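First the structure, in the form of structure tokens, and then the observations on it.
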Amino acid sequence: MVLLFLQRRGAISYDSSDQTALYIRMLGDVRVRRQVGFEPEPRSSQPYLCIDFRTLHTCLGTLSGSAHSAPERRVHRLLSFQRYLHSSRLPQQIPLHLLDEDYTGQAKCMLDKVGSWNFDIFLFDKLTNGNSLITLTFHLLNQYGLVELFQLDMVKLWRFLVMVQEDYHGHNPYHNGVHAADVTQAMYCYMREPALSKYLTSCDLLIGLLAAVTHDLGHPGVNQPFLIKTDHYLATLYKNTSVLENHHWKSAVGLLRETELFSHLPPEDSLNMERQLGSLILATDISRQNEYLSRFRTHLDQEDLCLSHAHHRHFILQMALKCADICNPCRPWELSKQWSEKVTEEFFHQGDIEKKHNLEVSPLCDRDTNTVGNIQIDFMSYVVEPLFSEWARFSDTRLSQTMLGHLGLNKASWGSLKQQQQQQQASGKEEPAEPGPSGAGARQAGTPGRAPSDPHVVATATGESSPKDVPQGNGES
């Protein structure tokens, strides 16, 4: 059967003992033809709002029946249509298809400075023809010698990275593969910090990088409260608890097992790595921000962190991933501003969906009552600054001071822009001048602050807690 690729869908797994127990993951870039039962939807629509499970079930039966004249066989796992059709061709995608030799050379030059905090992930994504996550991760694993050390099969590893990148929803303004690549690069910078690097084992390095790569895998572009109030199957599956984070973790485990990346390791080692991976990803849940930040502060106050102990190292890796996940406000203004606009666009897109379906609009998601600057200033003040102030206590290095410096300048720039907008409105003008990191607002900055970041870490947007409930950097929890 020839398929005309049109629209993104989900991957499906069957429980062989119960064919009615469907687990549909928001993964893969699967496009299905009208002839097999799906009508194409507008690019901006959210596929999980209109999935017809009966049609999907019928279509799968039609495909499997056409391939085999024998009685219907039991299916333990059915890959997404795209994977099913192209899984045999994935290994032949090595080496990565880039634009041309000139672009390839520029990408390699950028990788020589992958540890720089000014690393421009947007440029790198262009130079790798949209394959920044694959290229960056492959480079870092090789740089640490982890491929050889863990005897990872190159074909399996490549398939895993390709499938991970595919399973990030490219139409999300923020939660996409570029964000995952940015977080991975930041995680690499943090794992190189002297306070941590000399204690990390090879397993710590592998799990830390894989957690960064997969920490938002299959993100649908909306937050947890949206999934709960729309009775989404993920909210039911994970009982309204760390819904997105559990989804990211289980999706990552699914790909690890599907590609059999760790199949050569002893089963207990493979399971332990999956559990550690989940522990790191679950730590990015903003509803547990107070818990992690208070624990971190207590350790620093008591000076009892001993990174020769595995559980202390793991906790610091959790904090490092939390920092990497929301580090956008600590990047240089040119990068930070782009991330701020992208995350706000994703917020507002959710609000548009809520209005369309007559749902209560979530905080920060109404484009008529919120601005990028207001959202970012609050996010930096109540979420980013407290976390990075404590990280600077743990790792008082040039990188930490650089991040806090950018945070302060970016926060001041958004404040300056806000002030200019108010003045423009008062004078009847419409287009305010764009602020820079060295504007008037920057000179008034008294504390580190900075531009916006990830929606699922903005407390008010998640609906889990108010950002003002998050303890301040030097205050008592």
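Note that Cβ sites are derived from N, Cα and C of the backbone, with glycine treated the same way.
TrEMBL annotations: computationally assigned, not manually curated.
Taken from TrEMBL, the feature domain 'PDEase' covers 99-421.
Every protein chain shown contributes to the tally, and the Cβ of H175 (active site, proton donor) ends up with 25 other Cβ atoms within 10 Å. Sequence annotations record features per position, and here TrEMBL assigns active site, proton donor to H175.
Here TrEMBL flags H175, N176, G177, V178, H179, D216, D325, Q376 as AMP binding site.
Taken from TrEMBL, the feature Zn(2+) 2 binding site applies to D216. The number of other CB atoms found within 10 A of the CB of D216 (AMP binding site), across every protein chain shown, is 27.
Look at TrEMBL and you will find 415-477 tagged as region 'Disordered'.
Summarising the environment of V178 (AMP binding site), the number of other Cβ atoms within 10 Å of its Cβ, over all protein chains shown, is 22. Taking CA atoms as the reference points, D216 (AMP binding site) and H175 (active site, proton donor) are 7 Å apart.
Neighbour counts were taken as the number of other C-beta atoms within 10 angstroms of each residue's C-beta; across the binding-site residues N176, Q376, the minimum falls on N176.
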